[in-house]
Amino acid sequence: MTAEQRRNLHAFGDYVRKTLDPTFILSYMAPWFRDDEVQHIQAEKNNKGPTEAASLFLQFLLELQEEGWFRGFLDALNQAGYCGLCEAIESWDFQKIEKLEEYRSLLRRLQPEFKTTINPKDILPEIAECLISQECEEILQICSSKGLMAGAEKMVECLLRSDKENWPKTLKLALEKEESRFSELWMVDKGAEDVKMKDLEDDEMKTCDVQIFYKEEPENQNLSQNSCSSSAPHTYSPLKPRKYQLELALPAQNGKNTIICAPTGCGKTFVSLLICEHHLKKFPRGRKGKVVFFAIQLPVYEQQKSVFSKHFERLGYKVAGISGATSDTVCVEQIVENSDIIILTPQILVNCLTNGTIPSLSVFTLMIFDECHNTSKQHPYNVIMFSYLDRKLGGSSDSLPQVIGLTASVGVGDAKNKAEATEYICKLCASLDTSVIATVRDNLEELEEVVYKPQKFFRKVELRTTDRFKCIISQLMMEIESLAKSIFEELGTITLGGLFQIQNSNFGTQKYEQWIVKVQKECAVFQMPDKDKESRICKALFSYMSHLRIYNDALIINEHARMKDALDYLKDFFRNIRAAGFDEIEQDLTQRFEEKLQELESISIDPSNENPKLRDLCFILQEEYHLNPETRTILFVKTRALVDALKKWIKENPKLSFLKPSILTGRGKTNQNIGMTLPAQKCVLDTFRTDKDNKILITTSVADEGIDIAQCNLVILYEYVGNVIKMIQTRGRGRARGSKCFLLTANADLIDKEKMNMYKEEMMNGAILILQTWDEAVFKEKIHQIQIREKIIRDNQGKPEPVPDKKTKKLLCKKCKAFACYTADIRMVEKCHFTVVGDAFRERFVSKLHPKPKSFGNIEKRAKIYCARPDCSHDWGIYVRYKAFEMPFIKIESFVVEDIATGVQTVHAKWKDFNFEKLSFDAAEMAGGAQDLGLQGMGN
């Protein structure tokens, strides 16, 4: 080891202390460390933590004089899994680790919410690559011995020390996969124009635009006349379609763009198979069709990929699928080219159209949109159709694919009458460029034998006359709000958007929870000059907001279930808080709860506090099972906490325990409520289908989204109402002959809303009938006019491009402030890459062979470039071969921009945020400058 290396290791010691747990590499350092030193380091970790242990380790390390210890240290880091730290020390470039600091800071301030929201066991497999193997084992051990909150705290501690540059994004993907509400707060974002540069730089291919839309998952049930249970093993055989399914498929098989609107449970998935098979077989020899089927959610994507594969691979067609979970590891262009049928989540195609991986929609001959009622606003479906309609209205000579939409309800939006409903449906048809709405008309009798429409009943019930439980919890919430207010007063003029705009009367509502989430998001991004104070304030506010959210949940449970269930929910939360090891704020909040606990216990067991809603629900269930002991029931509720509470109530109620309830919830997680995996959902449904003793299924909205559920003759909506589309879905669960559907609520407005939904359904059906009587040419002209109008609006709504700033500015190295180039020398390549022309710039950087050389289109990535100053070596970008030229591609995030006239300096994370005159690359400017990189000392 040289003296310079020793000095550097001492200088960069803070990075080692913040990252390394030395106990994980001590076994690899045995040749250099004495036993007493090893024991001293281990004791330091046990007593003071890994940072102090790393400091002691570094002290011993720098005192070593034996030959080879530095190489041994690097090898130990590699073997233990500290690859990022090892790479940084080898190159003395800690920029990648430094860039993680903003995410560490964000995670520190989000820690209170993380530990109350996340189940570490569920996301650990997804993020294990970002941790050391021993850390994963420690997290699991703590989960088992101390509980999930303590395990989540340990996971945060480990992530804060991770040296893996991709851990923030890996965590984001894991949270999204588990549909965790925490993912809304974990903000890891990249602009669309920068994605391509990142593709070249980091081999990442994702954008992260998250929007929430209503979804109806495709059903497997009633696919055909010889359909069988999804749980029964069988060899796939061709299915025989029903007459109404052939009727639904006919317009599409005749080549017309069509919306297929048919009830849940009738087998729309099977109809899409019929259309797809007919489409592929119609092409003459020498030509081939190419179908893309869009599914919005990952479970639906997986289900449809399986269904299409089983049906079409026996016919010799190649079926492939690409989702957000797989797009990083596959070549989208190649899969699309080599497959006959591609199942996609729609954002994948949006990304590919944006970056040019797929040049246009003309590569497809048929597009099928599942849940097509979502084709509005900025939903990926609509973005895809914008591209389609721009080509159509622009007179492109390229052939466009046939378009098919599938839905149980087209909806009517805010329509007040049949004319407005007709206009709304026409707009949906215009968005999908469809001139036919296919419904079952000639074979209604057969459809009604498959899908029965239940009778609808409304039950208005009363609330408790007095609610002491709510009064006590509301008082605790007001105290917490006061504590939070004192934090805001400490901030002085700095505010986060007005904490106290929500009145106490909103406790126990969804509106109050939305406000909590809003405050948490604002806390996550606000900044102060004093970073320690900023961290302390953010952490305190997150603790207060987390407790307010739990109390809010408890009030909702109390309103709709037993006080006992709400109290149990709170006790579970505080039990987990204690097991996790709480700070002073949490100790104070826990003490406040415990002071009221005895009174809450007494109130919760008082029979006079029984919930009138449960009394009425018990009466309905007893009455229906008395009339028909074979009744099968689905009970819809709003939240997972209510699912658990009502299950406990039924099991503990001697009048209802014979129902043997099972539960079905979604895959995401909220607070203490753990979501169900896809296999767990299937297991519940199979049991409900086959076990006659299991008479009631309690579920959230997941069951109105097309999951394959056995026929039921009783549907109960317990304070559960949505829009007209959701109403049709939930009602569709009552499929048995003679079915009944009850809406049970204490809120008269919900009954009015459901009646309005029924009226809107009539309007929708009437509007569809009107449109089906229109002459097709008239209908086409109508939607064409809508398309033209919408395109004009869309074009005019585009953000105006800022006037380019033509003043010349300097780019300085962000690390050492060395001069790099002038903006006048920067040229834009393919709209998203930026190079610098002129030989002078080549003297200001050095290069090293790229560890992952790769080609993308016209670009071959060859080397990394760094600031030429020996004491800097800051990462500036990459060196590429573009067509016939060798050139650098620089990253604006690596530089400081200085205004020559004023001396003002600014930084920009993305090129699109930097306003200057962006001149396009001209090959003539490269004359004489296209020397090979090897002449400049490749490998410097």
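Cβ atoms here come from the backbone N, Cα and C positions, even for glycine.
Among the residue ranges 370-373, 398-401, 598-601, 650-653, the one that Swiss-Prot annotates as motif 'DECH box' is 370-373. Closest to K861 (N6-acetyllysine) by Cα-Cα distance, out of the recorded positions A262, P263, K268, K912, is K912.
If you compare Cα positions, G267 (ATP binding site) sits closest to K912 out of the recorded positions C813, C867, K912. When secondary structure is read from DSSP and collapsed to three states, K268 (ATP binding site) falls in the helix class. Mean pLDDT, taken over the domain 'Helicase ATP-binding' (249-428), works out to 90 on the 0 to 100 scale. You'll find the Cα of K268 (ATP binding site) roughly 44 Å from the Cα of K912 (N6-acetyllysine). Counting in whole angstrom, T269 (ATP binding site) lies 42 from K912 (N6-acetyllysine) by their C-alpha atoms.
C813 (Zn(2+) binding site) and K912 (N6-acetyllysine) are 19 Å apart (CA-CA, integer value). Residue with the densest Cβ environment among the binding-site residues A262, C266, C813, C867: C266, by other Cβ atoms within 10 Å. Here the Cα atom of T264 (ATP binding site) is found 62 Å from that of C867 (Zn(2+) binding site). When the recorded positions K268, K861, K912 are compared by the number of other C-beta atoms lying within 10 angstroms of their own C-beta, K912 comes out lowest. Cβ-based crowding with a 10 Å cutoff singles out G267 as the top-ranked of the binding-site residues P263, G265, G267.
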